[in-house]
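Novice: Pulled the feature table from TrEMBL, pasting it below:
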DISULFID  18-82  disulfide bond
DISULFID  31-92  disulfide bond
DISULFID  62-72  disulfide bond
DOMAIN    1-93  domain 'SRCR'
DOMAIN    123-167  domain 'SRCR'
């Protein structure tokens, strides 16, 4: 539930955010606002699929410290000339996320992707669309468990991505 296409509500209508200038500081604000821990990635190019309706925000310039997305600099609340193939996404650590889906990052059916390399533990990413995004789980002693995000960073995520064959 802590990864997906970023959607915002404005004037009673849901719409998406364009990925022009979208980056990790912007995703960090979304993750913080949703109570979903730290931002792990800010995938461009409608990574979680194309949305519909208006594209409300474009050119977001968050510092990464804002408490809410609406406090970030942007090009104004209006439909923008941006295609839905450019819808912004966020992948959060999910450390403090609840089981209740939040409309900003719509919940998707879990995708379980167990993968193992010789001599390596079995890993999977769950809770997002696609096999290369989601909450990290590891299989140990006959059970699946989560991985604590204390001291977790992009280098750690890069190792997981390589191990899962996700780049």
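Every residue, even glycine, has its Cβ placed from backbone N, Cα and C.
Tell me about the surroundings of these features in the structure.
Specialist: Packing around residue 82 (disulfide bond) is summarised by its Cβ count: 19 other Cβ atoms lie within 10 angstroms of its Cβ, all protein chains included.
Spatially close to residue 72 (disulfide bond) yet at least six residues away along the chain are 26, 29, 60, 61, 62, 63, 66, judged by Cβ distances under 8 angstroms.
In the domain 'SRCR' (123-167), the DSSP tally of helix, strand and coil residues is 10 helix, 14 strand, 21 coil.
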Novice: For residue 31 (disulfide bond), which residues in the same chain are close in space, meaning a Cβ under 8 Å from its Cβ, but six or more apart along the sequence?
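Specialist: 2, 37, 38, 39, 90, 92, 93 - these are the non-local Cβ neighbours of residue 31 (disulfide bond), listed in sequence order.
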Novice: Residues with Cβ closer than 8 Å to the Cβ of residue 18 (disulfide bond), same chain and 6+ apart in sequence?
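Specialist: Looking at Cβ-Cβ distances below 8 Å from residue 18 (disulfide bond), excluding near sequence neighbours, one finds 55, 57, 58, 59, 80, 82, 86, 87, 88.
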Novice: Run through the Cβ atoms and count how many others sit within 10 Å of the one on residue 92 (disulfide bond).
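Specialist: 28, counting other Cβ atoms within 10 Å of residue 92 (disulfide bond).
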